[in-house]
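After the C-alpha cells below, expect a handful of questions from me.
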Amino acid sequence: MKCAVLFLSVIALVHIFVVEAEEEPDSDALVPQERACLARGETCKDDCECCDCDNQCYCPFDWFGGKWHPVGCSCAHANQYFCDHKKEKCKKA
C-alpha cells in the first residue's frame, strides 16, 4: 500500500512539473516593446529620443567630437533655447 501511495505521489509530482513547463513562455517569444521616448535619466543616443522639449541627450565626457562616450549618454534637463532648437531638429517628417 505504501508503494502505491509513493508511486502516485511521484506521478503527481512529474505531472506538476510538466504542466508548469508548458505554461512558461519562451524567452525568444518575449519581444521588448520600444517606447516612443525616453524618460530623464535613461540611456540615449540622440536628443530626439528624450521625452519632452526640455530634455536633451547629455554626454558628460563628450570626447573626440561626439564619436566616443566612455561613460555613455543619458536624458537630462535642458534650457528653453535648447527646446526651440530641438523642435526644429526633431520635426516629424
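Just so it is clear, glycine is given a Cβ too, placed from its N, Cα and C backbone atoms.
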Pick from CYS44, CYS48, CYS51: which one does Swiss-Prot say forms the disulfide with CYS57?
CYS44
Would you mind checking which of CYS59, CYS83, CYS90 shares a disulfide with CYS73 in Swiss-Prot?
CYS59
Mind checking which of CYS51, CYS53 has the disulfide with CYS37 in Swiss-Prot?
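Out of the candidates CYS51, CYS53, the one Swiss-Prot links to CYS37 is CYS51.
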Starting from the Cα of CYS59 (disulfide bond), work out which of the disulfide-bonded residues (CYS44, CYS51, CYS75, CYS83) are within 10 Å.
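If one measures from the Cα of CYS59 (disulfide bond), the disulfide-bonded residues that come within 10 Å are CYS44, CYS75.
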Which secondary structure state does DSSP assign to CYS83 (disulfide bond), in the simple three-class scheme?
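SS state of CYS83 (disulfide bond) = helix.
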Quick one: of the disulfide-bonded residues CYS37, CYS50, CYS51, CYS83, CYS90, which has its CA closest to the CA of CYS73 (disulfide bond)?
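Of the disulfide-bonded residues CYS37, CYS50, CYS51, CYS83, CYS90, CYS50 has its Cα closest to that of CYS73 (disulfide bond).
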To the nearest Å, how far is the Cα of CYS83 (disulfide bond) from the Cα of CYS50 (disulfide bond)?
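Approximately 12 Å lies between the Cα of CYS83 (disulfide bond) and that of CYS50 (disulfide bond).
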Cα within 10 Å of CYS37 (disulfide bond) is the criterion; apply it to the disulfide-bonded residues CYS50, CYS57, CYS90 and give the hits in sequence order.
CYS50
